[in-house]
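Listed features, source Swiss-Prot:
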BINDING   H19, D185, A186, K187, R255, F256, D264, R270, K271, A287, K291  ATP binding site
BINDING   D21  Mg(2+) binding site
BINDING   E47  K(+) binding site
BINDING   E60, Q104, D264, K295  L-methionine binding site
REGION    104-114  region 'Flexible loop'
Amino acid sequence: MSKFAVRKFYTSESVSEGHPDKLSDFISDSILDEFLRQEPTSRVAVETLVTTGMAVVAGEVRAHTAHVDIQKTVREAVQRVGYTRANYGFDAEYSAVLVAIHEQSPEIASGVDHSEEWREMSEAERQKPENAYSMVGAGDQGLMFGYATDETPELMPLPISLAHGLTRRLAELRKDGTLPYLRPDAKAQVTVVRNGEPHSATETAVDTIVISTQHSDDVTQEQIRADMLEHVIPAVIPAELLNEQTRYFINPSGRFVIGGPHGDTGLTGRKIIVDTYGGAVPHGGGAFSGKDPTKVDRSAAYYARYVAKNIVAAGLARRALVEIAYAIGRAHPVSLRVDTYGTGTVSDEKLDELIAAHFDARPQAIIAQLDLQRPIYAQTAAYGHFGRPEFPWEQTDRAQALKEAAQG
């Protein structure tokens, strides 16, 4: 890589489904899914803490007909991730589950049920088609970002895509028995070096790979390193991105037998960069897991990705960052902007016009367009919320219309 006249490094990390923070996310989203399965309009905001021998679930819920067995849901989630033995220090059967869930604040509920705009409308105005999605207000204030880039087929930044691939591969090899000594907790980090910005670089390589994986007590670090180099890295990292200068740090701290909630306390919402774009772009600060789609922290971040991805898929830019901001209790965003980093085939101002014409970022409209009141969230909890075709916000169904409108 020394031949590069300019060297720019881009690093992203991923953590496995058994990482304590990700386990907390998975529990929270499993509870959310069960409420939505029983009652799609449930309001849910659930946080989870996991530590040695204990899980604590707290939050606010509003549901009229749903009756969720929280204890059962938590234990089933822990079982699915792989904490099945008491000697892990945390397991599905014997760990305690403490529940402190109460009803959603009626003041917040009122502002979400009927937005400020809706309350100010006459009955005649409420019947107009353009106001159909104005009834529901945003569940909180805040700013959310969505991003897309043409550096990978899934229109995601390369470093985070590679890092997620490594942790997903570790889970596959653990679950299929190929590497039986692997345990649920793991992390991976990938540093990519380029001779310029992602959209202008002509040379790209992987500079550094870091893998830290929990393991049984009876395996050597030499064996782990050999298996990572044989079974994990080649299955994920394209050979053309590796060279003789690529560095590999495999369990650089040494033994990693004590892991998961027994090694570190986990909390919902602590891996927001892992969940999104790996640090490639700004983050508004709001976490996703455990929140129903009236919470714009989640739904608007998904929608911003949807908008950005369609812009890039339409060929209107090589990179697109979309920012949406809200006021609590109001339906319409207070602001929406796009930044294409100078890669647009039309101006950012033109893209603003196209977004206004082809997208609707009111919370109720987002929920309807992406069909978000479904039990689809537990599967988002690990390996990133973006770049995965199974999710509705990854559709590029508006790209052609955007392209045609831009040419018109």
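All positions are counted from 1 along the displayed chain.
Using N, Cα and C of the backbone, Cβ positions are placed for all residues, glycine too.
Distribution of Swiss-Prot features across the structure.
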residue: H19; record: ATP binding site; CB count, 10 Å: 29
residue: D21; record: Mg(2+) binding site; CB count, 10 Å: 23
residue: E47; record: K(+) binding site; CB count, 10 Å: 22
residue: E60; record: L-methionine binding site; CB count, 10 Å: 16
residue: Q104; record: L-methionine binding site; CB count, 10 Å: 19
residue: A186; record: ATP binding site; CB count, 10 Å: 28
residue: R255; record: ATP binding site; CB count, 10 Å: 13
residue: D264; record: ATP binding site; CB count, 10 Å: 16
residue: K291; record: ATP binding site; CB count, 10 Å: 27
residue: K295; record: L-methionine binding site; CB count, 10 Å: 23
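Same-chain residues lying 6 or more positions outside the region 'Flexible loop' (104-114) and placing a CB less than 8 Å from one of its CB atoms are 43, 45, 60-62, 135-139, 294, 328-329. The Cβ of K271 (ATP binding site) lies under 8 Å from the Cβ of V15, H19, D21, K22, D25, each of these being in the same chain and 6 or more residues away along the sequence. Residues listed for ATP, H19, D185, A186, K187, R255, F256, D264, R270, K271, A287, K291, cover a largest CA to CA span of 36 Å. Cα of R255 (ATP binding site) to Cα of E60 (L-methionine binding site): a span of 40 Å.
For the region 'Flexible loop' (104-114), residue counts in helix, strand and coil come to 8 helix, 0 strand, 3 coil, using DSSP. For the L-methionine site, whose annotated binding residues are E60, Q104, D264, K295, the maximal Cα to Cα separation is 30 Å. For the region 'Flexible loop' (104-114), the model's average pLDDT works out to 85. Classification of K295 (L-methionine binding site) by DSSP places it in coil, neither helical nor stranded.
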